[in-house]
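Just below is one structure, and these are the notes that go with it.
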Amino acid sequence: MVMFMHLMELPREVLLGEDLKDKVSQVAKRLKLGENVLILYGPKTKEIAGKDIEKHLKEFFHVKNLLIKEASMKNVQKALEIIRNENIDWLLGVGGGSIIDVAKLASFKADVPFISFPTTASHDGIASANASIRDLGAKTSIKARPPVAVIADVNIIKTAPYRYLAAGVGDMVSNLTAVKDWELAHRIRGEYFSEYAASLSLMSAKMVIKNADIIRLSNEESVRKVIKALISSGVAMSIAGSSRPASGAEHLFSHALDAIAPKPALHGEQCGVGTIIMAYLHGLNWKKIRETLKRVGAPTNAYELEIDPGFIIEALTIAHTIRPERYTILGKDGLTKEAAEKAAKITGVI
C-alpha cells in the first residue's frame, strides 16, 4: 500500500525587532550552521545593512560576499560557484525580493541553509519556499526551500519607501482569491487541499485588512503588522508544500504583466489590483478589497500602476497560460477580451 507523505519545511527561528544587524551571528551559532558564510546583497542593501552585518560576521565566521542586481539564473550560478569553491556552509540574503530569491534558490541547489534578512516588506517571499527568478528574459516561479531563519529589523524596513509596505498589503489581500482558487481546484480537479494552510493564509490577509489604518501610519507598528502577516503567509505555503495558499489567478495576472508591460509595477501592487478583478469573478466582496488598498495607499487601477489599460486587458487574457497546470477561476481557456474588459471596467481597474 502506498502511503501519502507530506513534507513541511519551516523556518526554525523568526526574529522580529529593532537593531538586529548584530544578531545574525547569534542565530547562526544557535542553529550550528557552520563557519563559512556567503552574504548576498545589492548595491543599496549593502549600504543599508549588508556592510555592517558583514563586518560583524567577520568576527566569528569566514565571510565571502556577492553583489547582485537582479534575480537571474546567472546570479544563482555565480553564487553556486562561490559555494563550491569556498566550501560555503550557509548563505545570508540581505535585501528585497530579488536578493532573497537568489539566495533561496542557490541554497536549495547547493543543499545548504540560508537566512533571510529582508530590508523591505513588499511580499511574502521573505519567508516562503518559492523563488521568482528571471531566466531567458522571463520571470518564473521556482520551488526551492524556505529560510532556516528570518531576521526582520523593523528600523531598517521602516526606512524603505512606504510604497513597499503598501505593496506588502497588496500581496497579502491576494491570499483571499488564492485560497478561493485552491478550493476550486480541489473541488474540480481533486487537488490536495490543506485546511490548516488555507486558514493561516486567510488570517494573514484579514490581519492587514483589519489594521489598514495603522499600516498607513508608516511607523514601527505598521511594519510589525505587515511583516507578521508576510511571514505567516510564507509559513502557510511551507505547510501546504506549494504556493497555493498565497498564489492564484491574481499572481498569474501579475506574472503576465511582468512579461508584457514595458515598465511593470511592484509585484505586490500588481497582485493587489489583480485581486480586485479576481474577487469580482469569484463573487467576493471586491469593493472591500479595493477599499483596503485605498486605505493603505496602494494602487487600485491601471493609472495608479502607471500601466496602459491595454496591457491590463492583455494580461487578463493570457494569465491562464502562465502556469497551465494551476487551475484557477480563469479556467482552462482563460478570459475572452470582452470578458476581461468588462471585469476591469466594472471594478474600476480601467
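Cβ from N, Cα, C; glycine included.
Mapped onto three states, the DSSP output places Ser122 (NAD(+) binding site) in coil. The NAD(+) binding site annotation in Swiss-Prot covers Gly97, Ser98, Ile99, Ile100, Asp101, Thr119, Thr120, Ala121, Ser122, Ser128.
Cβ environment of Asp171 (substrate binding site): Ser122, His123, Asp124, Leu230, Ser233, Ala246, His267, Gly268, Cys271, Gly272 lie under 8 Å away, each six or more residues apart in the same chain. Annotation source Swiss-Prot lists substrate binding site at Asp124, Asp171, His255.
In the three-state DSSP scheme, His267 (Zn(2+) binding site) is classed as helix. Among the features that Swiss-Prot reports, Zn(2+) binding site is placed at Asp171, His251, His267, with the record citing sequence analysis.
Taken over all pairs of the listed substrate-binding residues (Asp124, Asp171, His255), the Cα spread reaches a maximum of 15 Å, rounded to the nearest whole number. Residues within less than 8 Å, Cβ to Cβ, of Asp101 (NAD(+) binding site) and separated from it by at least 6 positions along the same chain comprise Ala71, Gly125, Ala131, Ser132, Ile133. A Cα-Cα distance of 20 Å separates Thr120 (NAD(+) binding site) from His255 (substrate binding site).
In sequence order, Ala71, Thr120, Ser122, His123, Gly125, Ile126, Ser132, His267 constitute the residues six or more apart from Gly97 (NAD(+) binding site) in its chain with CB-CB distances below 8 Å.
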